[in-house]
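A quick write-up on the structure given underneath.
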Amino acid sequence: MQSKFIVIEGLDGAGKSTAISFVRKYLEKNNLAAIYTREPGGTKIAEELRNLVLHNKYDEEIHSDSELLMIYAGRVQHYRNLIAPALEKGINVVSDRFYWSSMAYQGGGRGVELSKIRALNNNFLNGCEPDLVIYLDIDPILGLQRAQKVGSPDRIEKAGLEFFNRTRKVFKDLVKDLDNAIEIDAAKSIQEVEKQIYLILDKHFNFQN
């Protein structure tokens, strides 16, 4: 079976880590090799850039365009050094976020032109598209409440409710426009989310239970 690139997307607090644990359980049950990674981050250099974007310790504002470019610098490292080589070796890749997050957070939330983000993806990632995107939809208020229970808010989580409303809108628009994307109501029970993920994997990849 050809290797697959699966991405889990959603607002902070949507339950992406839990969803990835379900994907891992499913792939392992079917004896399918996979690596599990995240963005921002995924490689040593990309993780350094992640820390700068999320926990800026300097007395200097990060411009929206600069934020986008730092994230994309990390994404290029991540894609070329980890994602692409794994897929070429026949290993599945499951990522917590990919370029959709830039479309939603930097495009929708920060107001960066979506055409700029698409250009970065086309020019530096060879227009890479995941085989499957599972988008976990959640009301921003509930998502932020969940995220705050996990730890102190990072720089982006402090952006405010309207920021996350704009971010959510772009996520939902992306789901409507792309055939390889499925939306799950992340406010439902963990058991229901798990069931939906398994059904999605069955449908898209014809894995055997």
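In case you wondered, yes, glycine gets a Cβ from its N, Cα and C as well.
In the three-state DSSP classification, Asp12 (ATP binding site) falls within coil. Under a cutoff of 8 A between CB atoms, and with a sequence separation of 6+ in the same chain, the neighbours of Asp12 (ATP binding site) are Gly143, Leu144, Ala147, Ile156, Glu157, Phe164. Annotation source Swiss-Prot lists ATP binding site at Gly10, Leu11, Asp12, Gly13, Ala14, Gly15, Lys16, Ser17.
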* If you count Cβ atoms within 10 Å of each one, which of the binding-site residues Gly10, Gly13, Gly15 comes out on top? -> Gly10
* Under 8 Å Cβ to Cβ from Ser17 (ATP binding site), same chain, six or more residues apart: give me those in sequence order, or none if nothing qualifies. => Asp96
